[in-house]
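Asks: Just lifted these from Swiss-Prot, have a look:
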{"type": "BINDING", "residues": "9, 10, 11, 12, 13, 14, 15, 16", "note": "ATP binding site"}
């Protein structure tokens, strides 16, 4: 039985690398995969999933108004798809998460979504919130704080190291993101008042 799986972690835990390795395992066995990523993710490449360890793969772009279920039906008509992979799934819209679950339930094809759980302010992303609610299986990858403890939070810093307290939830640009344990994240956010 296929499942909708959400693999989540703070920044720099290897989410994209895990996705690319899992997709490679399918392809190595002669199976076809569908790799997707939201259009808003342009940091490393517009049309590829790129891992910080240097591996990458071409991806299909998801726009905010795209019906992923309909796109899957079109792609499936071209070739049998054995697994769907979604990088940066936190950026999905609620309805798009439900479209992923429809792929699982209608076609019995596994969907593996990877992303952040929370933003720099500790708030759930829309896509992550829905995935946490309806995924069949949740997997947490471990990121490491500078103190050596498990990092579950992400902080946003300006290039000069100044922490950011407020702002848009999604910001791809001059900011730097660091993974922190809850203790160090709380200490950082308290400094901001």
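Including glycine, each Cβ sits where the backbone N, Cα and C put it.
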Asks: By the DSSP assignment reduced to helix, strand and coil, which category contains residue 15 (ATP binding site)?
Replies: helix
Asks: Which one of these binding-site residues has the most other Cβ atoms within 10 Å of its own Cβ: 9, 10, 11, 13?
Replies: 10
Asks: Which are the residues of the chain, 9, 10, 11, 12, 13, 14, 15, 16 excluded, whose CB is within 8 A of where the CB atoms of the ATP site average out, their centroid?
Replies: 116, 141, 143, 179
Asks: Quick check on the binding-site residues: of 12, 16, whose CB has the lowest count of neighbouring CB atoms inside 10 Å?
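Replies: Each of the binding-site residues 12, 16 was scored by Cβ atoms within 10 Å; lowest is 12.
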